[in-house]
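Listed in TrEMBL:
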- 50-472: domain 'Major facilitator superfamily (MFS) profile' (DOMAIN)
- 47-66: transmembrane segment (TRANSMEM)
- 86-110: transmembrane segment (TRANSMEM)
- 140-164: transmembrane segment (TRANSMEM)
- 176-198: transmembrane segment (TRANSMEM)
- 287-311: transmembrane segment (TRANSMEM)
- 323-343: transmembrane segment (TRANSMEM)
- 350-374: transmembrane segment (TRANSMEM)
- 380-406: transmembrane segment (TRANSMEM)
- 418-441: transmembrane segment (TRANSMEM)
- 447-464: transmembrane segment (TRANSMEM)
Amino acid sequence: MRGRHLDAYSAYKRVASKDHINAYDREESSVGLVNAKGIGNPSWRHSLPHMLVATLSSFLFGYHLGVVNETLDSISMDLGFSGNPLAKGLVVSTCLGAAFFGSIFSGWILDGVGHRRAFQLCALPMIIGASMSATTKSLWGMLLGRIFVGTGMGIGPPVAAIYVSEISPAFIRGTFGSFTQIATCLGLMGSLFIGLPAKDIVGWWRVCFWVSTVPAAVLAVCMEFCAESPQWLFKRGRGTEAEAEFEKLLGAAHVKFAIAELSKSDRGDELEAVKFSQLLYGRHFKMVFIGSTIFALQQLSGINAVFYFSSTVFKSFGVPSDLANICVGIANLSGSVVAMILMDKLGRKVLLLGSFSGMAVAMGLQVTGASSYASGSGALSLSVGGMLLFVLMFSLGAGPVPSLLLSEILPGRIRAKAMSVCMAVHWVINFFVGLLFLPLLEQIGPIVLYTIFATFCLLAVIFVKRNVVETKGKSLQEIEIALIPPQ
(Lines of atoms letter the chains of each structure in order from A; the text may use other names.)
(Lines give C-alpha, C1' and ligand atoms only; values in the text may rest on other atoms or scores of the structure.)
Protein backbone atom coordinates (compact mmCIF):
# COMPACT_ATOMS: atom_id res chain seq x y z
CA MET A 1 0.00 0.00 0.00
CA ARG A 2 2.74 2.45 0.94
CA GLY A 3 4.60 1.71 -2.31
CA ARG A 4 1.49 2.43 -4.32
CA HIS A 5 1.04 5.75 -2.52
CA LEU A 6 4.65 6.68 -3.24
CA ASP A 7 4.34 5.77 -6.91
CA ALA A 8 1.15 7.77 -7.24
CA TYR A 9 2.65 10.78 -5.53
CA SER A 10 5.80 10.65 -7.67
CA ALA A 11 3.71 10.42 -10.79
CA TYR A 12 1.64 13.39 -9.62
CA LYS A 13 4.76 15.48 -9.09
CA ARG A 14 5.78 14.81 -12.69
CA VAL A 15 2.50 16.13 -14.09
CA ALA A 16 1.59 18.72 -11.44
CA SER A 17 2.35 21.61 -13.79
CA LYS A 18 -0.66 20.54 -15.84
CA ASP A 19 -2.83 20.32 -12.73
CA HIS A 20 -3.67 16.68 -13.32
CA ILE A 21 -4.49 14.60 -10.28
CA ASN A 22 -5.10 11.33 -12.07
CA ALA A 23 -1.73 9.64 -12.17
CA TYR A 24 -3.01 6.80 -10.05
CA ASP A 25 -6.12 6.27 -12.21
CA ARG A 26 -3.94 3.94 -14.25
CA GLU A 27 -3.42 1.62 -11.33
CA GLU A 28 -4.94 -1.82 -11.61
CA SER A 29 -7.15 -2.99 -8.80
CA SER A 30 -7.68 -6.40 -7.28
CA VAL A 31 -11.28 -5.58 -6.40
CA GLY A 32 -12.61 -4.74 -9.82
CA LEU A 33 -12.51 -0.95 -9.70
CA VAL A 34 -12.29 -0.68 -13.45
CA ASN A 35 -15.51 -2.58 -13.83
CA ALA A 36 -17.10 -0.40 -11.15
CA LYS A 37 -16.17 2.70 -13.10
CA GLY A 38 -17.65 1.11 -16.19
CA ILE A 39 -21.18 1.30 -14.81
CA GLY A 40 -21.15 5.11 -15.08
CA ASN A 41 -21.69 7.86 -12.59
CA PRO A 42 -24.08 7.40 -9.67
CA SER A 43 -27.34 9.30 -9.80
CA TRP A 44 -27.17 12.73 -8.18
CA ARG A 45 -30.78 12.33 -7.08
CA HIS A 46 -29.78 10.02 -4.22
CA SER A 47 -27.65 12.62 -2.46
CA LEU A 48 -29.68 15.70 -3.44
CA PRO A 49 -32.14 15.67 -0.46
CA HIS A 50 -29.30 15.25 2.04
CA MET A 51 -27.42 18.15 0.46
CA LEU A 52 -30.49 20.41 0.50
CA VAL A 53 -31.08 19.77 4.19
CA ALA A 54 -27.44 20.59 4.93
CA THR A 55 -27.67 23.90 3.07
CA LEU A 56 -30.29 25.06 5.55
CA SER A 57 -27.34 25.84 7.82
CA SER A 58 -25.96 28.12 5.11
CA PHE A 59 -29.35 29.78 4.70
CA LEU A 60 -29.40 30.46 8.44
CA PHE A 61 -25.85 31.78 8.24
CA GLY A 62 -26.86 34.32 5.59
CA TYR A 63 -30.11 35.18 7.34
CA HIS A 64 -28.47 36.04 10.64
CA LEU A 65 -25.73 38.03 8.90
CA GLY A 66 -28.40 40.30 7.44
CA VAL A 67 -31.21 40.21 9.98
CA VAL A 68 -30.06 43.35 11.82
CA ASN A 69 -29.41 45.41 8.68
CA GLU A 70 -32.96 46.68 8.30
CA THR A 71 -34.03 46.21 11.90
CA LEU A 72 -31.17 47.72 13.92
CA ASP A 73 -32.74 51.17 14.23
CA SER A 74 -36.04 49.68 15.42
CA ILE A 75 -34.24 47.39 17.86
CA SER A 76 -32.24 50.27 19.33
CA MET A 77 -35.36 52.39 19.80
CA ASP A 78 -37.38 49.63 21.47
CA LEU A 79 -34.53 48.54 23.75
CA GLY A 80 -33.40 52.06 24.63
CA PHE A 81 -29.95 52.41 23.05
CA SER A 82 -30.79 54.42 19.92
CA GLY A 83 -28.27 57.14 20.79
CA ASN A 84 -25.45 54.71 21.53
CA PRO A 85 -23.37 53.77 18.45
CA LEU A 86 -21.18 51.47 20.56
CA ALA A 87 -24.21 49.42 21.58
CA LYS A 88 -25.32 49.18 17.96
CA GLY A 89 -21.88 47.99 17.00
CA LEU A 90 -21.95 45.36 19.74
CA VAL A 91 -25.23 43.93 18.42
CA VAL A 92 -23.39 43.19 15.17
CA SER A 93 -19.89 42.38 16.42
CA THR A 94 -20.83 40.01 19.28
CA CYS A 95 -22.33 37.70 16.69
CA LEU A 96 -19.10 37.75 14.65
CA GLY A 97 -16.96 37.20 17.75
CA ALA A 98 -19.05 34.22 18.82
CA ALA A 99 -18.83 32.84 15.28
CA PHE A 100 -15.05 32.85 15.58
CA PHE A 101 -15.17 30.65 18.67
CA GLY A 102 -17.82 28.43 17.12
CA SER A 103 -15.64 27.87 14.06
CA ILE A 104 -12.58 27.07 16.21
CA PHE A 105 -14.42 24.24 17.97
CA SER A 106 -16.38 23.02 14.92
CA GLY A 107 -13.65 20.60 13.85
CA TRP A 108 -13.44 18.93 17.23
CA ILE A 109 -17.25 18.75 17.42
CA LEU A 110 -17.49 17.22 13.96
CA ASP A 111 -14.78 14.63 14.60
CA GLY A 112 -16.30 13.79 17.97
CA VAL A 113 -20.01 13.39 17.23
CA GLY A 114 -20.27 13.22 13.44
CA HIS A 115 -21.86 15.46 10.83
CA ARG A 116 -25.52 14.91 11.66
CA ARG A 117 -25.11 15.72 15.34
CA ALA A 118 -22.83 18.65 14.47
CA PHE A 119 -25.61 20.13 12.34
CA GLN A 120 -28.03 19.72 15.22
CA LEU A 121 -25.56 21.38 17.57
CA CYS A 122 -25.38 24.21 15.04
CA ALA A 123 -29.18 24.58 14.93
CA LEU A 124 -29.76 24.41 18.70
CA PRO A 125 -27.93 27.63 19.72
CA MET A 126 -29.54 29.40 16.75
CA ILE A 127 -32.99 28.46 18.01
CA ILE A 128 -32.14 29.46 21.59
CA GLY A 129 -30.41 32.69 20.55
CA ALA A 130 -33.10 33.81 18.12
CA SER A 131 -35.78 33.12 20.73
CA MET A 132 -33.88 35.15 23.32
CA SER A 133 -33.42 38.05 20.90
CA ALA A 134 -37.10 37.95 19.91
CA THR A 135 -38.34 38.12 23.52
CA THR A 136 -35.71 40.31 25.20
CA LYS A 137 -36.52 43.59 26.90
CA SER A 138 -32.95 44.80 27.24
CA LEU A 139 -29.70 45.26 25.35
CA TRP A 140 -28.00 42.57 27.42
CA GLY A 141 -30.64 40.02 26.48
CA MET A 142 -30.13 40.91 22.82
CA LEU A 143 -26.36 40.54 23.11
CA LEU A 144 -26.67 37.17 24.84
CA GLY A 145 -29.00 35.97 22.12
CA ARG A 146 -26.57 37.14 19.44
CA ILE A 147 -23.75 35.22 21.16
CA PHE A 148 -25.79 32.01 20.96
CA VAL A 149 -26.66 32.65 17.32
CA GLY A 150 -23.06 33.50 16.47
CA THR A 151 -21.85 30.23 17.96
CA GLY A 152 -24.17 28.32 15.64
CA MET A 153 -23.07 30.47 12.70
CA GLY A 154 -19.46 29.55 13.38
CA ILE A 155 -20.16 25.82 13.52
CA GLY A 156 -22.34 25.72 10.41
CA PRO A 157 -20.15 26.73 7.41
CA PRO A 158 -17.23 24.30 7.91
CA VAL A 159 -19.57 21.43 8.77
CA ALA A 160 -21.75 22.14 5.71
CA ALA A 161 -18.76 22.41 3.35
CA ILE A 162 -17.26 19.14 4.53
CA TYR A 163 -20.56 17.24 4.64
CA VAL A 164 -21.62 18.29 1.14
CA SER A 165 -18.22 17.39 -0.31
CA GLU A 166 -18.23 13.96 1.37
CA ILE A 167 -21.75 12.93 0.34
CA SER A 168 -21.64 14.24 -3.24
CA PRO A 169 -20.64 12.17 -6.28
CA ALA A 170 -17.33 13.43 -7.66
CA PHE A 171 -18.74 14.47 -11.04
CA ILE A 172 -21.21 16.92 -9.47
CA ARG A 173 -19.47 17.84 -6.22
CA GLY A 174 -18.71 21.37 -7.42
CA THR A 175 -22.32 22.02 -8.34
CA PHE A 176 -23.59 20.72 -5.01
CA GLY A 177 -20.91 22.66 -3.17
CA SER A 178 -22.12 25.87 -4.84
CA PHE A 179 -25.54 25.39 -3.28
CA THR A 180 -24.14 26.45 0.08
CA GLN A 181 -23.26 29.88 -1.38
CA ILE A 182 -26.66 30.16 -3.06
CA ALA A 183 -28.36 29.29 0.23
CA THR A 184 -26.33 32.01 1.98
CA CYS A 185 -27.44 34.54 -0.65
CA LEU A 186 -31.06 33.48 -0.24
CA GLY A 187 -30.73 33.86 3.52
CA LEU A 188 -29.34 37.37 3.16
CA MET A 189 -32.08 38.39 0.74
CA GLY A 190 -34.72 36.71 2.89
CA SER A 191 -33.68 38.71 5.94
CA LEU A 192 -33.76 41.89 3.83
CA PHE A 193 -37.30 41.38 2.57
CA ILE A 194 -38.67 40.19 5.91
CA GLY A 195 -37.06 43.18 7.62
CA LEU A 196 -38.55 45.81 5.29
CA PRO A 197 -41.73 46.42 7.38
CA ALA A 198 -39.62 47.01 10.52
CA LYS A 199 -39.50 50.76 9.90
CA ASP A 200 -43.29 51.03 9.79
CA ILE A 201 -44.55 48.32 12.16
CA VAL A 202 -43.61 48.59 15.83
CA GLY A 203 -41.99 45.41 17.13
CA TRP A 204 -41.69 43.80 13.71
CA TRP A 205 -38.04 43.09 14.38
CA ARG A 206 -39.13 40.46 16.90
CA VAL A 207 -40.97 38.63 14.11
CA CYS A 208 -37.75 38.66 12.06
CA PHE A 209 -35.95 36.74 14.81
CA TRP A 210 -38.85 34.33 15.37
CA VAL A 211 -38.94 33.47 11.65
CA SER A 212 -35.37 32.16 11.78
CA THR A 213 -36.30 29.50 14.33
CA VAL A 214 -38.37 27.66 11.70
CA PRO A 215 -35.55 26.65 9.30
CA ALA A 216 -33.31 25.96 12.30
CA ALA A 217 -35.88 23.54 13.71
CA VAL A 218 -36.36 21.93 10.29
CA LEU A 219 -32.57 21.43 10.04
CA ALA A 220 -32.39 19.79 13.47
CA VAL A 221 -35.33 17.45 12.80
CA CYS A 222 -34.49 16.50 9.21
CA MET A 223 -30.91 15.65 10.10
CA GLU A 224 -32.32 12.67 12.01
CA PHE A 225 -33.29 11.20 8.63
CA CYS A 226 -30.21 12.22 6.64
CA ALA A 227 -27.20 10.04 5.92
CA GLU A 228 -24.09 10.28 8.06
CA SER A 229 -20.88 10.90 6.16
CA PRO A 230 -19.50 7.50 5.10
CA GLN A 231 -15.97 8.88 5.40
CA TRP A 232 -16.54 9.75 9.05
CA LEU A 233 -17.95 6.27 9.75
CA PHE A 234 -15.13 4.55 7.89
CA LYS A 235 -12.47 6.46 9.83
CA ARG A 236 -13.96 5.03 13.01
CA GLY A 237 -13.89 1.46 11.81
CA ARG A 238 -17.66 1.32 11.19
CA GLY A 239 -17.36 -0.09 7.69
CA THR A 240 -20.75 -1.79 7.59
CA GLU A 241 -22.54 1.44 8.47
CA ALA A 242 -20.44 3.29 5.89
CA GLU A 243 -21.60 0.84 3.23
CA ALA A 244 -25.23 1.39 4.21
CA GLU A 245 -24.83 5.17 3.94
CA PHE A 246 -23.09 4.86 0.57
CA GLU A 247 -26.06 2.85 -0.65
CA LYS A 248 -28.37 5.71 0.37
CA LEU A 249 -26.17 8.34 -1.28
CA LEU A 250 -24.90 6.61 -4.43
CA GLY A 251 -27.02 3.51 -5.02
CA ALA A 252 -26.20 -0.14 -4.39
CA ALA A 253 -24.18 -0.59 -7.58
CA HIS A 254 -21.53 1.93 -6.46
CA VAL A 255 -20.99 0.80 -2.87
CA LYS A 256 -18.07 -1.59 -3.45
CA PHE A 257 -16.20 0.92 -5.58
CA ALA A 258 -16.74 3.72 -3.01
CA ILE A 259 -15.49 1.56 -0.14
CA ALA A 260 -12.47 0.49 -2.19
CA GLU A 261 -11.67 4.15 -2.85
CA LEU A 262 -11.76 4.85 0.89
CA SER A 263 -9.45 1.91 1.49
CA LYS A 264 -6.94 3.28 -1.00
CA SER A 265 -6.47 6.45 1.05
CA ASP A 266 -6.46 4.67 4.42
CA ARG A 267 -2.94 5.09 5.82
CA GLY A 268 -3.53 3.35 9.10
CA ASP A 269 -3.54 6.48 11.27
CA GLU A 270 -7.15 7.56 10.91
CA LEU A 271 -8.14 6.76 14.47
CA GLU A 272 -5.25 8.61 16.06
CA ALA A 273 -6.20 11.95 17.59
CA VAL A 274 -5.07 14.94 15.54
CA LYS A 275 -3.10 17.42 17.60
CA PHE A 276 -3.34 21.11 16.86
CA SER A 277 0.43 21.28 16.40
CA GLN A 278 0.19 18.78 13.53
CA LEU A 279 -1.72 21.38 11.53
CA LEU A 280 1.10 23.91 11.83
CA TYR A 281 4.06 21.86 10.64
CA GLY A 282 4.91 18.65 8.81
CA ARG A 283 3.31 17.19 5.72
CA HIS A 284 -0.10 18.77 6.37
CA PHE A 285 1.11 22.33 6.87
CA LYS A 286 1.08 23.28 3.18
CA MET A 287 -2.60 22.40 2.77
CA VAL A 288 -3.56 24.36 5.90
CA PHE A 289 -1.42 27.29 4.75
CA ILE A 290 -3.05 27.34 1.31
CA GLY A 291 -6.52 27.21 2.83
CA SER A 292 -5.86 29.92 5.40
CA THR A 293 -4.24 32.18 2.81
CA ILE A 294 -7.12 31.84 0.36
CA PHE A 295 -9.60 32.77 3.09
CA ALA A 296 -7.37 35.67 4.20
CA LEU A 297 -7.10 37.03 0.66
CA GLN A 298 -10.85 36.57 0.19
CA GLN A 299 -11.50 38.88 3.14
CA LEU A 300 -8.66 41.31 2.38
CA SER A 301 -10.20 41.86 -1.04
CA GLY A 302 -12.73 44.05 0.80
CA ILE A 303 -15.84 42.04 0.04
CA ASN A 304 -17.41 42.30 3.46
CA ALA A 305 -16.64 46.02 3.60
CA VAL A 306 -18.74 46.24 0.44
CA PHE A 307 -21.52 44.12 1.97
CA TYR A 308 -21.54 45.99 5.28
CA PHE A 309 -21.27 49.52 3.92
CA SER A 310 -22.77 49.41 0.43
CA SER A 311 -25.82 51.30 1.70
CA THR A 312 -23.59 54.19 2.82
CA VAL A 313 -21.97 54.41 -0.62
CA PHE A 314 -25.31 54.29 -2.41
CA LYS A 315 -26.80 56.92 -0.09
CA SER A 316 -23.97 59.32 -0.93
CA PHE A 317 -25.27 59.28 -4.50
CA GLY A 318 -28.92 59.60 -3.44
CA VAL A 319 -29.82 55.93 -3.95
CA PRO A 320 -32.19 54.54 -1.24
CA SER A 321 -30.65 51.90 1.01
CA ASP A 322 -33.46 49.42 0.27
CA LEU A 323 -32.75 49.58 -3.46
CA ALA A 324 -29.02 49.32 -2.78
CA ASN A 325 -29.40 46.15 -0.74
CA ILE A 326 -31.69 44.59 -3.34
CA CYS A 327 -29.21 45.33 -6.15
CA VAL A 328 -26.29 43.88 -4.19
CA GLY A 329 -28.37 40.81 -3.31
CA ILE A 330 -29.40 40.20 -6.92
CA ALA A 331 -25.79 40.55 -8.13
CA ASN A 332 -24.63 38.10 -5.45
CA LEU A 333 -27.32 35.54 -6.20
CA SER A 334 -26.90 35.79 -9.98
CA GLY A 335 -23.17 35.19 -9.79
CA SER A 336 -23.66 32.26 -7.42
CA VAL A 337 -26.09 30.58 -9.82
CA VAL A 338 -23.67 31.02 -12.72
CA ALA A 339 -20.85 29.61 -10.55
CA MET A 340 -22.99 26.57 -9.77
CA ILE A 341 -23.42 25.91 -13.50
CA LEU A 342 -19.73 26.38 -14.32
CA MET A 343 -18.09 24.79 -11.27
CA ASP A 344 -17.85 21.26 -12.69
CA LYS A 345 -17.28 22.46 -16.26
CA LEU A 346 -14.51 25.05 -15.96
CA GLY A 347 -13.16 23.90 -12.60
CA ARG A 348 -12.32 25.59 -9.31
CA LYS A 349 -9.00 27.15 -10.30
CA VAL A 350 -10.33 28.87 -13.41
CA LEU A 351 -13.23 30.37 -11.49
CA LEU A 352 -10.92 31.62 -8.73
CA LEU A 353 -8.53 33.24 -11.21
CA GLY A 354 -11.34 34.88 -13.18
CA SER A 355 -13.13 35.98 -10.02
CA PHE A 356 -10.19 37.68 -8.33
CA SER A 357 -9.11 39.27 -11.64
CA GLY A 358 -12.60 40.67 -12.18
CA MET A 359 -12.71 41.96 -8.60
CA ALA A 360 -9.45 43.84 -9.19
CA VAL A 361 -10.94 45.45 -12.31
CA ALA A 362 -14.12 46.35 -10.40
CA MET A 363 -12.09 47.99 -7.64
CA GLY A 364 -10.25 49.92 -10.35
CA LEU A 365 -13.58 51.27 -11.56
CA GLN A 366 -14.41 52.41 -8.03
CA VAL A 367 -11.02 54.10 -7.72
CA THR A 368 -11.70 55.95 -10.96
CA GLY A 369 -15.16 56.91 -9.76
CA ALA A 370 -13.73 58.35 -6.55
CA SER A 371 -11.02 60.32 -8.36
CA SER A 372 -11.15 63.81 -9.80
CA TYR A 373 -11.34 62.37 -13.30
CA ALA A 374 -15.00 61.52 -12.85
CA SER A 375 -17.85 63.70 -11.66
CA GLY A 376 -21.62 63.74 -11.57
CA SER A 377 -23.30 60.89 -13.39
CA GLY A 378 -19.94 59.47 -14.44
CA ALA A 379 -18.81 59.09 -10.83
CA LEU A 380 -22.18 57.53 -9.95
CA SER A 381 -21.94 54.99 -12.77
CA LEU A 382 -18.36 54.03 -12.00
CA SER A 383 -18.81 53.77 -8.23
CA VAL A 384 -22.15 51.98 -8.18
CA GLY A 385 -21.38 49.91 -11.28
CA GLY A 386 -17.97 49.00 -9.92
CA MET A 387 -19.47 47.91 -6.61
CA LEU A 388 -22.10 45.70 -8.25
CA LEU A 389 -19.51 44.23 -10.61
CA PHE A 390 -17.27 43.53 -7.62
CA VAL A 391 -20.05 41.60 -5.86
CA LEU A 392 -20.90 39.72 -9.08
CA MET A 393 -17.29 38.70 -9.71
CA PHE A 394 -16.87 37.67 -6.06
CA SER A 395 -19.88 35.37 -6.23
CA LEU A 396 -18.52 33.72 -9.39
CA GLY A 397 -15.52 32.22 -7.63
CA ALA A 398 -13.99 33.87 -4.58
CA GLY A 399 -17.25 33.36 -2.69
CA PRO A 400 -18.23 29.71 -3.33
CA VAL A 401 -14.88 28.11 -4.23
CA PRO A 402 -12.67 28.43 -1.08
CA SER A 403 -14.85 26.32 1.24
CA LEU A 404 -15.45 23.73 -1.47
CA LEU A 405 -11.79 23.59 -2.46
CA LEU A 406 -10.57 23.18 1.12
CA SER A 407 -13.02 20.38 1.81
CA GLU A 408 -11.51 18.64 -1.23
CA ILE A 409 -7.75 19.18 -0.75
CA LEU A 410 -7.57 18.69 3.01
CA PRO A 411 -6.87 15.01 3.85
CA GLY A 412 -9.64 13.14 5.63
CA ARG A 413 -7.70 12.65 8.85
CA ILE A 414 -7.34 16.40 9.50
CA ARG A 415 -10.17 17.76 7.32
CA ALA A 416 -12.52 18.89 10.09
CA LYS A 417 -9.93 20.45 12.38
CA ALA A 418 -7.95 22.05 9.55
CA MET A 419 -11.14 23.53 8.11
CA SER A 420 -11.99 25.01 11.51
CA VAL A 421 -8.56 26.68 11.67
CA CYS A 422 -8.95 28.13 8.17
CA MET A 423 -12.45 29.39 8.97
CA ALA A 424 -11.14 31.00 12.15
CA VAL A 425 -8.66 32.95 10.02
CA HIS A 426 -11.62 34.02 7.88
CA TRP A 427 -13.54 35.32 10.90
CA VAL A 428 -10.57 37.20 12.40
CA ILE A 429 -9.85 39.10 9.19
CA ASN A 430 -13.56 39.61 8.56
CA PHE A 431 -13.81 41.25 11.97
CA PHE A 432 -10.86 43.59 11.46
CA VAL A 433 -11.89 44.60 7.94
CA GLY A 434 -15.33 45.54 9.24
CA LEU A 435 -13.83 47.33 12.23
CA LEU A 436 -11.22 49.34 10.32
CA PHE A 437 -12.95 50.07 7.01
CA LEU A 438 -14.72 53.31 7.95
CA PRO A 439 -11.80 54.76 9.98
CA LEU A 440 -9.40 53.98 7.12
CA LEU A 441 -11.84 55.44 4.60
CA GLU A 442 -11.78 58.70 6.55
CA GLN A 443 -8.01 58.67 7.17
CA ILE A 444 -6.59 57.70 3.77
CA GLY A 445 -9.58 58.19 1.47
CA PRO A 446 -11.39 55.87 -0.94
CA ILE A 447 -8.77 56.01 -3.71
CA VAL A 448 -5.94 54.63 -1.58
CA LEU A 449 -8.16 52.16 0.29
CA TYR A 450 -9.76 50.73 -2.86
CA THR A 451 -6.31 50.49 -4.44
CA ILE A 452 -5.18 48.41 -1.47
CA PHE A 453 -8.16 46.10 -1.92
CA ALA A 454 -7.41 45.78 -5.66
CA THR A 455 -3.79 44.92 -4.82
CA PHE A 456 -4.89 42.09 -2.55
CA CYS A 457 -7.12 40.79 -5.39
CA LEU A 458 -4.10 40.72 -7.71
CA LEU A 459 -2.01 38.99 -5.04
CA ALA A 460 -4.78 36.39 -4.81
CA VAL A 461 -4.53 35.77 -8.57
CA ILE A 462 -0.78 35.14 -8.25
CA PHE A 463 -1.22 32.90 -5.19
CA VAL A 464 -3.96 30.82 -6.80
CA LYS A 465 -1.98 30.46 -10.03
CA ARG A 466 1.07 29.13 -8.16
CA ASN A 467 -0.48 27.04 -5.38
CA VAL A 468 -3.96 25.79 -6.25
CA VAL A 469 -4.48 22.54 -8.15
CA GLU A 470 -7.60 21.59 -10.08
CA THR A 471 -9.85 19.06 -8.35
CA LYS A 472 -12.94 18.80 -10.55
CA GLY A 473 -14.16 15.30 -11.33
CA LYS A 474 -11.86 13.55 -8.85
CA SER A 475 -12.93 11.67 -5.74
CA LEU A 476 -11.73 12.96 -2.39
CA GLN A 477 -9.59 9.84 -2.02
CA GLU A 478 -7.91 10.37 -5.39
CA ILE A 479 -7.09 13.95 -4.49
CA GLU A 480 -5.70 12.96 -1.09
CA ILE A 481 -3.45 10.23 -2.47
CA ALA A 482 -2.08 12.60 -5.10
CA LEU A 483 -1.46 15.61 -2.87
CA ILE A 484 -0.23 14.17 0.41
CA PRO A 485 3.04 12.22 0.39
CA PRO A 486 3.33 9.18 2.66
CA GLN A 487 5.27 9.48 5.88
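Placement of Cβ uses the backbone N, Cα and C atoms for every residue, glycine included.
Within the chain, the transmembrane segment (287-311) has long-range Cβ neighbours (under 8 A, six or more residues past its boundaries) at 69, 279-280, 321, 324-325, 328, 352, 356, 359, 363, 387, 390-391, 394, 398-399, 402, 405-406, 409-411, 414, 418-419, 421-423, 425-426, 429-430, 433-434, 437-438, 449-450, 453, 456-457, 459-460, 463-464, 467-468, 483-484. Sequence-distant contacts of the transmembrane segment (418-441), counting only residues of its own chain at least 6 positions beyond either end whose CB sits under 8 Å from a CB of the stretch, comprise 92-93, 96-97, 99-100, 103-108, 154, 157-158, 161-162, 279, 284, 287-288, 291-292, 294-296, 298-300, 302, 304-305, 308-309, 406-407, 410, 449. Sequence-distant contacts of the transmembrane segment (350-374) (same chain, six or more residues past either end, CB-CB distance under 8 Å): 294, 297, 301-303, 339, 342-343, 380-383, 385-387, 389-390, 392-394, 396-399, 401, 405, 445-447, 450-451, 453-454, 457-458, 460-461, 464-465, 468, 470. Under 8 Å from some Cβ of the transmembrane segment (447-464) lie the Cβ atoms of residues 293-294, 297-298, 300-302, 305, 349, 352-353, 356-357, 359-360, 363-364, 366-367, 370-371, 398, 437, 440-441, all in the same chain and six or more residues away from its ends.
Averaged across the domain 'Major facilitator superfamily (MFS) profile' (50-472), the predicted model reaches a pLDDT of 86.
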